[in-house]
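Enquirer: Sharing a structure here in structure tokens format.
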Amino acid sequence: MHIKHIGKPKLIFMFLPVFILFTYALLFLETVKYPGFIGNHFLIDAKVYFAITIVFLIFSDAKSNFAGFVLRVNRLILIPLSLIYLGFSLLEGAHFTNYVLSTFKFHLDGLVLVVLFSLSIYLVDKFKNTIPRTFGKLGPIYAAMIFLITFFMVKNITYAANTGISRNSYILFHLRSSYDDKMFYEWGVFYRFMVFVKNNTPQDATIIIPPMEDPWLMGSGNDHFVRAFLYPRKLIQEPKIIPDIKAFGPNTYILITWGKEACKPDPECHGWPRQEIAAKRIIYKDPDSTNVIETRENSVYKLEDDKYVYGIIEL
């Protein structure tokens, strides 16, 4: 079978070192601003630039003094960048979630992308000759496959690295912490909300939760996630407007939940339930603990009058 090299636009590859520096700049900007800043303001996610750079590097044969200089500098900064990331991760583990952000004003989940980018460039440059760069008639499709593999690997490795390192560093410095402290470190205010619901509902209760969409997608609207905390209570998922509340019998509760994901228009899109509900009892959660801050008997729930964003409604 005839094997041919994928066509290489030499002009693009001549600018490879500039593209590497440009991608570094984007990743550092997201580290200072927030992960996703580039995608939100310039429509293209920074991880796309990351993946494109790796594809260019794999298929580029262009050599220049400037390219060699950029690759040498990348090798030199890889270890310091890694040590800086690990050091700040340990520092955060010794204190509390978002300690680095609140104290040093940058995002650890942005910095890990910078480290991963530096490591990827080093590995591709070192082992480029062992990576197949020809693939028969597939041509550009092969390059597109490498791009997609790189993009999704970056997303998954970034999440795994952040989660794994933060968990282990916290455990390392808090060997005697209670179960609640460890769970709060991992899940934050959502864990306290779930404990509040458990403490104020019987085990055979029916819990009505919001739809699995923003802003409740990854929290109170994710029935699989919520079930892990509230089992053996029965969960029923309803849309934004609950169609027939009267169909539910006694021992039924509705979550009052603000939602943590972004949505539009903000903040009007937050808050659930989104309708008036005649309640036997409304129990509001203290924002800073798992305790009850206020209880209203035989009341009518109204979202616009709700001064507390988390609680439960007993029908």
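Note: Cβ is positioned from N, Cα and C throughout, glycine not excepted.
TrEMBL labels come from automatic prediction, so no person has curated them.
Take a look at what TrEMBL says about it:
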type	residues	note
TRANSMEM	12-29	transmembrane segment
TRANSMEM	41-59	transmembrane segment
TRANSMEM	66-86	transmembrane segment
TRANSMEM	106-124	transmembrane segment
TRANSMEM	136-154	transmembrane segment
Enquirer: Report, as numbers and ranges, which residues of the same chain sit near the transmembrane segment (106-124): CB under 8 Å and 6 or more residues beyond its ends.
Expert: 20, 23-24, 27-28, 30-35, 46-47, 50, 53-54, 57-58, 71, 74-75, 77-78, 81-82, 84-85, 88-89, 92, 100, 131, 150, 154, 157-158, 161-162, 166
Enquirer: Have the transmembrane segment (41-59) and the transmembrane segment (66-86) got at least three CB pairs under 8 Å, pairs 6 or more apart in sequence?
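Expert: The answer is no, given that the two segments have fewer than 3 Cβ pairs within the 8 Å cut-off.
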